[in-house]
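Written below as structure tokens is the structure these notes are about.
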Amino acid sequence: MKWVVSIFLIVLLNFTESRTMHENAYGIASILDSSQCSAEMNLVDLATIFFAQFVQEATYKEVNQMVKDVLTVIEKSTGSEQPAGCLENQVSVFLEEICHEEEIPEKYGLSHCCSQSGEERHNCFLARKKAAPASIPPFQVPEPVTSCKAYEENRELFMTRYIYEIARRHPFLYAPTILSLAAQYDKIIPPCCKAENAVECFQTKAASITKELRESSLLNQHMCTVMRQFGARTFRAITVTKLSQKFPKANFTEIQKLVLDVAHIHEECCRGNVLECLQDAERVVSYVCSQQDTLSSKIAECCKLPTTLELGQCIIHAENDDKPEGLSPNLNRFLGERDFNQLSSREKDLSMARFTYEYSRRHPKLAVPVILRVAKGYQELLEKCSQSENPLECQDKGEEELEKYIQESQALAKRSCGLFQKLGEYYLQNAFLVAYTKKAPQLTPPELMALTRKMATTGAACCHLSEDRQLACGEGAADLIIGQLCIRHEEMPINPGVGQCCTSSYANRRPCFSSLVLDETYVPPPFSDDKFIFHKDLCQAQGVALQTMKQQFLINLVKQKPQITEEQLEAVIADFSGLLEKCCQGQEQEVCFAEEGPALISKTRASLGV
């Protein structure tokens, strides 16, 4: 079984271009050649991934049958002269296999998609993908005795079944990434099956795979959503930023060449074209190593590794290369005497791409969204100064103001870490909980708790880093968390404020949410006593269970009075804590809550005017 890594591609975000053109808008040639195809393709695994991701509810038996059927079709189509990996219109062939099955379309609600053709059919299937379908339970690794026996009896079948289980639960996860994770799992099984404590061995060694699986799945979905929602120009800027930070010695033309090809790979991976996604991933990783002398001095040891899997992982974790000597510290008067407003659209895009490249290679520790905000601010500055009496003087003054984007992000990181140091992770989450219940009161309590728990956990992790790394850590994590919130809004609209922040500007999404205070359109529901009834289980609960109960009370309180002030909130919390202390110390806890609880709520309603 051939395993190929693609995590390297996760780092190299990109913009969408058609591969058949083999050059981007600036005439830069592609390193990918669509006339080439790989004979070394494990089509069983790739077809399994495709069908499991596009028909998530299908059983393994059903997926296995579709795999067998489509391989027969492919062999007939390509003949003996060409490898199966050369099949054209691969996605169409795979989708046709789903639709021509007698029971599959009707059983799984696919008839509407199957009634369409071409791109419409493909887009219909893509829109059906669900990140966490309720009908599919979380994956549980079988207990060691069963796993080890099944693995020993038929390793290929065991691993294909594992790939099926992962793919159907993570429909946005790139095919090469699934194969990479399966390769890691394949390696831990033999030693763990021989271990004295097999259960502990599997739990310990599978933990890192599970973590990488979860993070990669979220990241792949995030990238595909950004590509779809914000388009080519934004994705190009993201890619140029990341590549320029990773390879600061590479010239602009080389960066643009990589942008084009990594872009195509992401496009194919996001659209579920598993064969081309995998083939092109190999080529880009190989190309990076072939150009290591001009790209980076940090990947030499990586490129000596024997397998693509090891090579790719090594490059991912390699440090950003050192900045070239003689690089000027700033980009004053970057355009020189040229009038920005007189440039064509193509020239403007090229100028901004080059500015982003130059700025990124000078600031390897800044988060991508921060650099994009600087670039956006710089373009606005150029447009404004082109209309002034003294454009160059205007630029000189304005370029100093670009630091405000970095300073705003630094101030937020400092403020958040200050809160963490003062309050700890739980109370930091409560602060986020109050803020985001006001911003998005339409979210359910479990959604609000899950969202803010991620924020608090991220804050704790980032704040333990050195000060120069806190900013990139926090901004990067916030981008992903907000991205998940925006996916939720796309599926089920939350409110106009959230919608505005999610769709207006990728670079400014986080600042937009930071400045969003209240949903002015929200009307609190009529007061319900049922949401504020206290029982003795508050005294019996401990740890996470008790914290969850308290947070539920906090959410209900803020939803009832979104305009609640910090002073009012502190007073209510103090009264609530007093109630717990009084009733939990007594013998008749339930009686105490029944008597004192309503009194507390009456006092709270009077003070808040609800």
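In case you wondered, yes, glycine gets a Cβ from its N, Cα and C as well.
The annotation signal peptide is assigned in Swiss-Prot to 1-18. Residues or ranges marked as disulfide bond in Swiss-Prot (evidence: sequence analysis): CYS99-CYS114, CYS113-CYS124, CYS148-CYS193, CYS192-CYS201, CYS224-CYS270, CYS289-CYS303, CYS302-CYS314, CYS385-CYS394, CYS462-CYS473, CYS486-CYS502, CYS501-CYS512, CYS539-CYS584 (among others). Per Swiss-Prot, phosphoserine is recorded for SER111, SER115, SER117, SER345. Marked as domain 'Albumin 3' by Swiss-Prot on the basis of sequence analysis: 404-602.
Overlay of Swiss-Prot annotations on the structure.
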residue : record         : DSSP (3 states)
CYS99   : disulfide bond : helix
SER111  : phosphoserine  : helix
CYS124  : disulfide bond : helix
CYS201  : disulfide bond : helix
CYS385  : disulfide bond : helix
CYS394  : disulfide bond : helix
CYS486  : disulfide bond : helix
CYS501  : disulfide bond : helix
Averaged over the domain 'Albumin 3' (404-602), what pLDDT does the prediction give?
-> 92
DSSP-derived class (H/G/I helix, E/B strand, else coil) of SER117 (phosphoserine) = coil
CYS584 (disulfide bond) falls, by three-state DSSP, under helix
For CYS224 (disulfide bond) and CYS113 (disulfide bond), determine the Cα separation and express it in whole Å.
-> 21
Nearest of the disulfide-bonded residues (CYS303, CYS314, CYS462) to CYS502 (disulfide bond), judged by Cα-Cα distance | CYS462
Near CYS148 (disulfide bond) (Cα-Cα within 10 Å), the recorded positions in question, chosen from CYS99, SER115, CYS192, CYS394, CYS486, CYS584, are CYS192
Given the recorded positions CYS99, SER115, CYS270, CYS314, state which is nearest to CYS192 (disulfide bond) when distance is taken between Cα atoms.
-> CYS314
Within 10 Å of CYS486 (disulfide bond) (Cα basis), scanning disulfide-bonded residues CYS99, CYS314, CYS473, CYS501, CYS539, CYS584, I find CYS501
Comparing the Cα of CYS201 (disulfide bond) with the Cα atoms of the recorded positions CYS113, SER115, CYS270, CYS302, the shortest distance belongs to CYS302
For the modified residues SER111, SER117, SER345, which one has the sparsest Cβ surroundings, going by other Cβ atoms within 10 Å?
-> SER345
